[in-house]
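What follows is a set of notes on a single structure, which appears directly below.
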């Protein structure tokens, strides 16, 4: 099954809902960064939340998420675009902890329970929108829920889950975001709160193979949900050799000549996708000649 996202309304417009399958997306991130189990879960949850938050934007708009906790995984960075493209990395990919007796990964131990979630939105204005909230649990779903309440004043519920196999490969990943719209009835809010208490964890639902639509039906009730739009999502980095060449050219002739003099081979590393671009002395000479 391909990865895709669903945008929906529920309860006659009282609730805005997003749901996504990100199994392939998180698998690609795990492959590129060689993340261990707990790091994969943390990065995967962040990518899943970022994908849905990106889908709230329009056109060429994009956002960056920084999760900066006090745990050994270090900062997590995610870039997400309105078109479904997402990329991201963890600072320390080789972090893992023993799971609970129920097999649940201890993501909070990797992320830490103190720190901040920062969201930077580039929505075409002169200055980006920057929102920040403290980490409240380190499990990330709760932390993004709190972010929406504090920074965007939008009562929300964020559920994100990643299942990791014993060999570090990704079994399943996905999640949902529910947002209460202004004027929603108390009965609607109570109904959703009750459902959220009763449904299995997100990771259990996605392990059962539920589609994004079925995930929303499980949370809200099939008769309450109206699907508005679906779109493909994927791990996609914007870096390329041409872009890196442009960055090198921007250094100017003097600095490029110094690089050519000092290095047999110049390597530029993209943290987001772990791609490495190598430039020989001849490559650098060609760049200088094109200035």
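Just so it is clear, glycine is given a Cβ too, placed from its N, Cα and C backbone atoms.
For residue 237 (disulfide bond), the same-chain residues lying six or more positions away in sequence with a CB closer than 8 A to its CB are 87, 270, 272, 273, 275. Sequence annotations record features per position, and here Swiss-Prot assigns disulfide bond to 237-239 (among others).
Counted within 10 Å of its Cβ, the other Cβ atoms near residue 273 (disulfide bond) come to 19, all protein chains included. If you look up Swiss-Prot, you'll see 270-273 (among others) marked as disulfide bond.
The Cβ of residue 239 (disulfide bond) lies under 8 Å from the Cβ of 270, 272, 273, 275, each on the same chain and at least six residues away in sequence. A 10 Å cutoff on Cβ-Cβ distances gives residue 270 (disulfide bond) a total of 18 other Cβ atoms nearby, all chains included.
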